[in-house]
Amino acid sequence: MKLFGLFLSFTLLFLCPFISQADVPELSRQPPRPIVFVHNDRSKSDPQQVHISLAGKDHMRVTFITEDNKVESVVEYGKQPGKYDGKATGECTSYKYFFYKSGKIHHVKIGPLQANTTYYYRCGGNGPEFSFKTPPSTFPVEFAIVGDLGQTEWTAATLSHINSQDYDVFLLPGDLSYADTHQPLWDSFGRLVEPLASKRPWMVTEGNHEIEFFPIIEHTTFKSYNARWLMPHTESFSTSNLYYSFDVAGVHTVMLGSYTDFDCESDQYQWLQADLAKVDRKTTPWVVVLLHAPWYNTNEAHEGEGESMREAMESLLFNARVDVVFSGHVHAYERFKRVYNNKADPCGPIHITIGDGGNREGLALSFKKPPSPLSEFRESSFGHGRLKVMDGKRAHWSWHRNNDSNSLLADEVWLDSLSTSSSCWPSSRSNDEL
């Protein structure tokens with residue numbers, strides 16, 4: 001049985017490129033890099049794959065996995081190392097995927113917590129101590145942003161560069177582990193990102209590589225993703241883990257699902273409409289959106305794949321004066337002007353593709369020529385981005401290219417919040433009322 005399971009695992013890994021729901025024409029890409037598989041070096045009762053995520057106002061969700069099913073879903077925490085004056089009990093789950101069975105996946109919500117404060121915590125009543133820092137409640141606040149991570153040497157370089165400078169929240173617009181039905185790669189990915197994801201909240205949305213539909217064998221989509229990466233959808237009144245929102249300081253961030261229904265009759269559309277309507281731009285001057293398949297793209301890779309979603313939802317984002325839209329999917333970097341309905345518009349969001357995390361498929365090297373006048377910067381390189389929101393009016397965006405041991409600043413721009421632009425709001429909602 002073990003040999004058959006091993007054979008099956010490698011078979012699934014070989015087949016995954018052919019069963020992916022994101023097939024595109026052959027592209028000019030760098031040669032694929034081998035996967036960096038991170039093995040488990042802890043006991044069955046020790047927590048592993050620890051990561052944290054925001055879970056509503058002043059709360060954090062701690063997720064960890066144990067191989068021992070007897071370990072309780074508890075987290076002890078406090079402001080001093082080894083001294084835990086808080087304790088919370090959560091829930092647990094597990095799942096099966098053909099012959100694979102996951103460990104016990106624990107989700108524990110802790111709080112209330114103080115802003116901009118370091119907490120020390122222990123999971124399951126055993127194992128090593130971790131620490132995290134809560135985001136600030138006021139400006140400035142900084143987000144590290146990258147999509148399409150995977151787990152290769154490229155990925156390791158990206159994570160190292162991100163970790164070399166402080167930030168408050170990590171944003172990932174889809175395509176996490178690139179497990180593609182090979183479930184042990186989900187475990188390896190969790191161990192790979194734990195040094196970062198256990199210290200700062202990781203807020204993610206799904207990409208096509210999280211679908212993991214397999215004919216006959218597995219019809220439930222996003223099974224692994226939903227079990228392992230529980231996001232604050234209930235806290236933001238969403239009925240699905242595939243789309244949700246959260247607030248940090250004065251920034252409202254919306255995570256959308258490119259691979260679930262998005263037409264005007266869908267739950268996601270109705271939720272998004274209600275969510276954006278509740279944002280008070282006086283207290284929350286910035287609105288940022290993340291999704292996987294880009295709505296604007298001048299690369300030959302995945303050309304037009306986000307068009308249906310753009311046609312369905314773009315007006316909602318435009319009418320709400322969303323400031324920036326981040327996407328992944330295309331394994332390159334590209335920054336657009338403020339745009340709406342395929343035209344430059346000073347009241348539309350800036351669109352940025354940041355699908356350059358380092359996955360095994362390599363880079364999408366073929367940009368269309370001549371470049372679109374809407375595209376201001378584009379490059380096929382691995383790297384990551386940082387959005388530092390200085391105050392209610394100004395933010396600084398920078399893209400850092402991977403260059404072996406260094407992280408080089410390759411693109412940057414200052415952004416003005418649309419909440420401060422009186423010309424972008426109807427007279428009934430003048431700037432004085434924002």
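Cβ atoms are placed via backbone N, Cα and C, with glycine included.
Owing to the predicted nature of the structure, the values given are computational and were not obtained by experimental measurement.
What Swiss-Prot lists as signal peptide is 1-22. Residues or ranges marked as N-linked glycosylation site in Swiss-Prot: Asn116, Asn403. Marked as Fe cation binding site by Swiss-Prot: Asp148, Asp175, Tyr178, His331. Residues annotated as Zn(2+) binding site in Swiss-Prot: Asp175, Asn208, His292, His329. Under the heading substrate binding site, Swiss-Prot lists Asn208, His329, Val330, His331, citing similarity to another entry as support. Marked as active site, proton donor by Swiss-Prot on the basis of similarity to another entry: His302.
Reported as a whole number, the C-alpha separation between His292 (Zn(2+) binding site) and Asp175 (Fe cation binding site) equals 8 Å. Listed recorded positions near His302 (active site, proton donor): His329, Val330 (candidates Asp175, His329, Val330, Asn403; Cα-Cα distance within 10 Å). Taking Cα separation as the measure, Tyr178 (Fe cation binding site) is nearest to Asn208 of the recorded positions Asn116, Asn208, His329, Val330, Asn403. Separating the Cα atoms of Val330 (substrate binding site) and Asp148 (Fe cation binding site) is a whole-number distance of 8 Å. The shortest Cα-Cα distance between His331 (Fe cation binding site) and any of the recorded positions Asn116, Asn208, Asn403 is the one to Asn208.
Spatial neighbours are here defined as Cα atoms within 10 angstroms of one another, and by that definition the neighbours of Asn208 (Zn(2+) binding site) among the recorded positions Asn116, Asp175, Asn403 are Asp175. Apart from the site residues Asp148, Asp175, Tyr178, His331, the chain places the Cβ of Gly147, Leu149, Gly150, Gly174, Gly207, His209, Gly328, His329, Gly355, Gly357, Asn359, Glu361 no farther than 8 Å from the centroid of the site's Cβ atoms, the recorded Fe cation location.
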